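Asker: One structure, pasted below without further comment.
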Amino acid sequence: MIQVPTDAENAHSSSVESCPSLRDVHSINPTQLMARIESYEGREKKGISDVRRTFCLFVTFDLLFITLLWIIELNVKGGIETTLEKEVLHYDYTSSYFDIFLLAVFRFKVLILAYAMCRLRHWWAIAFTTAVTSAFLLAKVIISQLFSQGAFGYVLPIISFILAWIETWFLDFKVLPQEAEEENRFLIAQDASERAALLHPGVLSDGQFYSPPESVAGSSDEDSEEKQDSEKPIV
């Protein structure tokens, strides 16, 4: 008669199948795991990941590029000193580009402080800077008279707007997911190394074994012959 497996047997078999087999655990190479963990620890000692460093470089490029465009705009309008005095000392929201430069400085300071110095792993700082940049630029384009001042009336606001959103995309889709994935890999490798250390105990040292000193070959036979000769009676 065929026996129908009970629920307890089914549960036991499913739990056994869900757990990793001993063969799979023994197949873990402790040397490779330790090398991987050391590589992750080396990255942590550097203080900042490669992808985050690239993001900080792009933020610096944002500031330098906007500064370069602003200096070119000052030269085009009739000299740096005259135009600088007009846009800074006699600032006018409707015609000055100085506020777009200050907006780039604002983004640089906040993002470098949050993601380079404080090593923040959240998107709220980039969301704040992008929201402020977008709102300010939209208001400036609508209210001001930049479009009547030539090509720079289009270039500076558009470039500043695009760079701010590229920074948001790069942090949200590259920096944070990649760092989270590397951290998960580190935790998995560390857990696997701990299990491997339990299943693969260290090699026993030489002091834990005892082997008697080896006798010299043929010495036992010679000793027995000499003993027999000494026991023979002298005639």
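Quick reminder: no glycine exception, Cβ is built from N, Cα and C everywhere.
So TrEMBL says this about it:
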type: REGION; residues: 1-20; note: region 'Disordered'
type: DOMAIN; residues: 48-219; note: domain 'MENTAL'
type: TRANSMEM; residues: 55-76; note: transmembrane segment
type: TRANSMEM; residues: 96-116; note: transmembrane segment
type: TRANSMEM; residues: 123-145; note: transmembrane segment
type: TRANSMEM; residues: 151-171; note: transmembrane segment
type: REGION; residues: 204-235; note: region 'Disordered'
Asker: Are there residues at least six beyond either end of the transmembrane segment (151-171) with Cβ under 8 Å to its Cβ atoms? List them, or say none.
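Answerer: Residues packing against the transmembrane segment (151-171) from afar: 54-55, 58-59, 62, 65-66, 69-70, 72-73, 76, 97, 100, 103-104, 107, 111, 115, 123, 126-127, 129-130, 133-134, 137, 140-141.
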Asker: Any idea what the model's mean pLDDT is for the domain 'MENTAL' (48-219)?
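Answerer: Reported value for the domain 'MENTAL' (48-219) is a mean pLDDT of 85.
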